[in-house]
Amino acid sequence: MSKVLDAKVMAVLPVAPETYYMELEAPEIARLAVPGQFVHVRCSNSQDPLLRRPISIHMVSRPKGILALLFRVVGKGTELLAQKQIGDVINVMGPLGRGFTLPLPGSRVAVAAGGIGAAPLVFLVQELANMKCQVTVYLGARDKKNLLCDGQFVQMGAEVVIATDDGSLGFKGTVPEMMRRHNDWRRTAMTYVCGPKGMMKEISAMLAEADVPGEVTLEEHMGCGVGACLSCTVKIAHHGQITNKRVCADGPVFPSWQVVWD
Amino acid sequence: MSKVLDAKVMAVLPVAPETYYMELEAPEIARLAVPGQFVHVRCSNSQDPLLRRPISIHMVSRPKGILALLFRVVGKGTELLAQKQIGDVINVMGPLGRGFTLPLPGSRVAVAAGGIGAAPLVFLVQELANMKCQVTVYLGARDKKNLLCDGQFVQMGAEVVIATDDGSLGFKGTVPEMMRRHNDWRRTAMTYVCGPKGMMKEISAMLAEADVPGEVTLEEHMGCGVGACLSCTVKIAHHGQITNKRVCADGPVFPSWQVVWD
Amino acid sequence: MKPNLAVTIGGVNMKNPVTTASGTFGFGREYGPYIDINRLGAIVVKGTTLEPREGNATPRLVETPAGILNSIGLQNPGADYLVEHYAPYFATLQTRVIVNISGNTVEEYARLAAKLDGVPGIAGLEVNISCPNVKKGGMAFGSHPATAAQVTKAVKQATALPVIVKLSPNVTDIGEIARAVEAAGADGLSVMNTLLGMAIDVRKRKPVLGNIMGGLSGPAVKPVAVRAVWQVYRAVKLPIIGMGGITTAEDALEFILAGATAVAVGTANFVNPRATLDVLEGIEAYLVENSITDIKELVGAAHR
Amino acid sequence: MKPNLAVTIGGVNMKNPVTTASGTFGFGREYGPYIDINRLGAIVVKGTTLEPREGNATPRLVETPAGILNSIGLQNPGADYLVEHYAPYFATLQTRVIVNISGNTVEEYARLAAKLDGVPGIAGLEVNISCPNVKKGGMAFGSHPATAAQVTKAVKQATALPVIVKLSPNVTDIGEIARAVEAAGADGLSVMNTLLGMAIDVRKRKPVLGNIMGGLSGPAVKPVAVRAVWQVYRAVKLPIIGMGGITTAEDALEFILAGATAVAVGTANFVNPRATLDVLEGIEAYLVENSITDIKELVGAAHR
Ligand SMILES: Cc1cc2nc3c(=O)[nH]c(=O)nc-3n(C[C@H](O)[C@H](O)[C@H](O)COP(=O)(O)OP(=O)(O)OC[C@H]3O[C@@H](n4cnc5c(N)ncnc54)[C@H](O)[C@@H]3O)c2cc1C
Ligand SMILES: Cc1cc2nc3c(=O)[nH]c(=O)nc-3n(C[C@H](O)[C@H](O)[C@H](O)COP(=O)(O)OP(=O)(O)OC[C@H]3O[C@@H](n4cnc5c(N)ncnc54)[C@H](O)[C@@H]3O)c2cc1C
Ligand SMILES: Cc1cc2nc3c(=O)[nH]c(=O)nc-3n(C[C@H](O)[C@H](O)[C@H](O)COP(=O)(O)O)c2cc1C
Ligand SMILES: Cc1cc2nc3c(=O)[nH]c(=O)nc-3n(C[C@H](O)[C@H](O)[C@H](O)COP(=O)(O)O)c2cc1C
Ligand code: FES
Ligand code: FES
């Protein structure tokens, strides 16, 4: 089930360069959401920008009825979102899409996050922690300043290993480069990946090579967000056949080995 | 001369149902403005609504560099304007158009205002007061609650006679109806009129009949506001010839006897 | 008193004039969580072809000022799949279902129409001769009176279902096309499909859409669509489903006053999943406020 | 290093590719308080006819989502007045002045072109065969290859000035019109004029504009205009002035990448009187950032 509702902004604050954390009062959505799903957000009441913007569910607090988002300002829509103030009302649809496949309780799992890709993984790691899984987070960012959610992951009991492009914190290099030096993820029940396309593609190849399962979260420009318009398709290979799947309704989470990267 | 600048909102408050008073920091405009001119206001940075909105100069304070507006919320643009907060910045062009023709100092003049039409007349009456003119203001509104600027006119030393459609204050009826009962305006150097089209048309006919001069302020939908696009034309009769004049550049003030009403 | 909202589009009886624009509402089910689709006068479902199609390369959608460009390219599971998997669902609905059809050749349109003829759950066909997003067929048929008429005639001969032909605005004279289609036997017209447009990515220096060009829809195109309905209303007697940028009841009323008997909501569904019902409720409120007892009194009223 | 911005549109040498869209910039002077118009590559002034014209009934302008509809209808003081009162001013400018011309008949176009031939201060003619707001002439000429060619040929024969023909988007195949105009001897093309549209006042139940229909311009039409430039670039070799919804340098670059050699800013002037200079400065910054030494390298680059 999915809802469309006017949610009140309960908090909005900058947490890194051009990156904002926002809390919305949306009890129905918080109640229904599972990790990996997203909401479709109307950033203004004007007809410019016209479309909603898809933003992952970063975290929920069911007791408080709170839905949390973490987003980077990249254009008009996210700019308007960042300008919202406490008490403003935002129209939100969700939860949408299919979330991550959860492992058996107590499993050992890996999580790979790049940049703003950390956003949906916090909700996931929280759920994994609740399931007593043993989680290693491979967390990457451009630099120390842009590193997101490290504290949250640690607090949830995950082991966090960090890579920055400029070496200002942790390993100097990319997340896939760092992962090549580690072996833990090769022996996990699942590796969950969210980050830039290049990173997800590279890790998917590594997972395939190591013959371990993984899931990636894809992005495409969206119209409806509910599977009706076929704007957001990606190529998915299944049993040797390549078909168009909708990121909004069939994803955004897909098995890493099924994605046809271009 | 006219300027385009980002003006800071110094005050914005509701003064009557759907009616707002706004002060903008715009010293260059305040310095150049004369009564009857207007500013062309950008109500949002989005492309919907796209166009600027013409709003009369209600008042200026040259020492403080303040430009004051008085406007009624009737649609998208004025709605957005009313939502502005102190400290917000609004892009404003002006002063634009030709103002009222001022009488000789010390003259006896009449001013007829209907509804939001009072807005530009406050600046005018201030100027007339400075010129030691003897001013009678025929001020009309739907009802007592919607009566605008009466206190300001009185403070400036004008005699104010009031008409309301429902009789909740003063004469029960329209401004032209009330004026028919008075004779003062028939012996003035000039009658300045701003209000609904019907009222201006009726008073123009009365002025013509009494053979006294008057000026009316016209409205038309505007594009550029500077005389370039020819969107805002009205029919003006001059020496027996009817031509299209631009409200923004040739007006908004026109001689009452020259306007071809439809 | 409740005004009468019922209208008929060439044999499709609708309990009210509000429907959905093909391709923006999937097969109806997708909007189930947000609205009761049975309240609509009809739903027009995604463009269907004889064989399944995978559609165009991505990106398929880009936002433009007050509009969107799309180049979906008629991705659909094909007519057999529709008949087998969707039609039974259509048959359970308390609203009419109109299937939007496309073909590469005149013969394909006819075969498709024949296949859908008599399928329970299908109330009518909307013949898409105006899709700007496919190489063969599509807009090419709708750009010339002769080919538009040919398709119409072939479809009419192949089916007993009401045939509504969907016109393209990308023509010099839409009235001329409408007349040709009327003469060929169409039962109604849908006006309009998308405007041909494109966007360029100035960083990559390449077209944004995988398919280069796309169809422009949304509020941006509304003035063009109202004009197209106005012109078609003057050109022919056929009932019109008006569409193009309808977001509110006021927008819908513009189309009705210009000559549309029914209205379809497209892109606005993406922004507001309740848009169809907001439009319906707003139309009803307007009728009540203005003491109009039958919506049909308003059809084309701006011409009078 | 400062990149080279100079371009030539069929004999009109512009120091940079930015100009104004006819009818949105008056005769230049109106924008004097806001910008130094001498910094522009050229200005294209209001549509001029042989005789003075009073234009259409009001309202002449209505705002639409991200756009405007206008039906000014070529109000202008006539060619004699232009030659006598404006041309001397044009001659004092450090920018090229292109006069936009219209006629009711082919002969009128020719007589007007002849009258403006050799007038100091006039650098070229833009032939408007695409105005949707006049009964006779206007869009009618631009809707068919034969008549478009006729007007072009007549104007070319009547003047030694560079002749730029302005095309209408309200046609089935803009490339076909462009080819006809090229064959008839045009020196350049302006793409595009406004889209035919209308709006209805749902309270009065009447068209909003005094003239019923009007021309749609502004950001809303940009995707259609970029597509039109793209198609015309493929159809002909003539240099193109691209326009339709340009608000920012990024918009202008879309047109240049699609094939425009120069760009005109229209409706955006109303919103931001500095729009032309913002576009110019933004284009220059883009060239510098991307180490492009000559703007001409970008023209049509998205096709490659
Ligand atoms: C399932 C999903 C989950 C996402 N979760 C997050 C998140 O948690 N935090 C976050 O910061 N970002 C997230 N994004 C990306 C986010 O949707 C875009 O950054 C945002 O739409 C940009 O809008 P804009 O108006 O600021 O940018 P503009 O570039 O002005 O947007 C123009 C158009 O392109 C679309 N667009 C631009 N970038 C993207 C993109 N990467 N993906 C999809 N559409 C795009 C916009 O939605 C809009 O329609 C997610 C995207 C998807 C598909
Ligand atoms: C010279 C002049 C001075 C004005 N001074 C004032 C003033 O001091 N206070 C005040 O409250 N109003 C004034 N108005 C009217 C004011 O411009 C309109 O109320 C306003 O433009 C409405 O915009 P909107 O977006 O709220 O309404 P909408 O109806 O959504 O506007 C749609 C379009 O119509 C135009 N429009 C609508 N009504 C008018 C109108 N009456 N005149 C011109 N264009 C209109 C808008 O500018 C816009 O382009 C003045 C108008 C003119 C021409
Ligand atoms: C994403 C998308 C897909 C569409 N698919 C089809 C289609 O399959 N068949 C068709 O005839 N029209 C299709 N259209 C056009 C719409 O049905 C409609 O004619 C157009 O979008 C104008 O209406 P709107 O502005 O309300 O969206 C599509 C439009 C969009 C936006
Ligand atoms: C108010 C107005 C008046 C116009 N007058 C003319 C004209 O006289 N001649 C002409 O060729 N085009 C005229 N146009 C069309 C513009 O020159 C331009 O082609 C069109 O507006 C698209 O550009 P834009 O979206 O940047 O405005 C006019 C446009 C507007 C908005
Ligand atoms: S966004 Fe419409 S199908 Fe995914
Ligand atoms: S608004 Fe452009 S001429 Fe008056």
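Cβ atoms are placed via backbone N, Cα and C, with glycine included.
For D:Cys131 (active site, nucleophile), the Cβ neighbour count at a 10 Å cut-off comes to 25, with all displayed protein chains included. According to DSSP, D:Cys131 (active site, nucleophile) sits in a coil region rather than a helix or strand. Annotation comment: TrEMBL describes D:Cys131 as active site, nucleophile.
Listed in sequence order, the residues of the same chain lying 6 or more apart from D:Lys46 (substrate binding site) and placing their CB within less than 8 Å of its CB are D:Ser22, D:Gly23, D:Phe25, D:Gly26, D:Phe27, D:Asn76, D:Asn100. Annotation source TrEMBL lists FMN binding site at D:Ser22, D:Lys46, D:Gly47, D:Asn100, D:Asn128, D:Lys166, D:Gly218, D:Gly244, D:Gly245, D:Gly266, D:Thr267.
If you draw a 10 Å sphere around the CB of D:Ser71 (substrate binding site), it holds 28 other CB atoms from the protein chains shown. For D:Lys46, D:Asn70, D:Ser71, D:Ile72, D:Gly73, D:Leu74, D:Asn128, D:Asn193, D:Thr194, the entry in TrEMBL reads substrate binding site.
Taken from TrEMBL, the feature domain 'Dihydroorotate dehydrogenase catalytic' covers D:5-287. Taken as a whole, the domain 'Dihydroorotate dehydrogenase catalytic' (D:5-287) shows an average pLDDT of 95 in this prediction.
In sequence order, D:Gly218 are the recorded positions among D:Ser22, D:Gly73, D:Cys131, D:Thr194, D:Gly218, D:Gly245 whose C-beta falls under 8 Å from a C-beta of chain B. Cβ contacts within 10 Å of D:Thr267 (FMN binding site), excluding its own Cβ and spanning all protein chains shown: 31. If you measure from the Cα atom of D:Cys131 (active site, nucleophile) to that of D:Gly218 (FMN binding site), you get 16 Å. Among the binding-site residues D:Ser22, D:Asn128, D:Thr194, the residue whose Cβ has the fewest other Cβ atoms within 10 Å is D:Ser22.
The number of other Cβ atoms within 10 Å of the Cβ belonging to D:Gly47 (FMN binding site), over all protein chains shown, comes to 25. The Cβ of D:Gly218 (FMN binding site) has 30 other Cβ atoms within 10 Å, all protein chains considered. Less than 8 angstroms from the CB of D:Gly245 (FMN binding site) sit D:Gly67, D:Ser217, D:Gly218, D:Pro219, D:Ala220, D:Val221, D:Lys222, D:Ala225, D:Asp251, D:Thr267, D:Ala268, each of them six or more residues away in the same chain. Between the CA atoms of D:Gly47 (FMN binding site) and D:Ser71 (substrate binding site) there is a gap of 13 Å, rounded to the nearest whole number.
Taking the Cα atom of each, D:Ser71 (substrate binding site) and D:Asn128 (FMN binding site) are about 15 angstrom apart. Checking the binding-site residues D:Gly47, D:Ser71, D:Asn128, D:Thr194 against ligand 4, the ones with a C-beta less than 6 Å from an atom of that molecule are D:Gly47, D:Asn128, D:Thr194. Proximity to chain C (Cβ-Cβ distance under 8 Å) holds for the following binding-site residues out of D:Ser22, D:Ser71, D:Asn128, D:Gly245, D:Thr267: D:Gly245.
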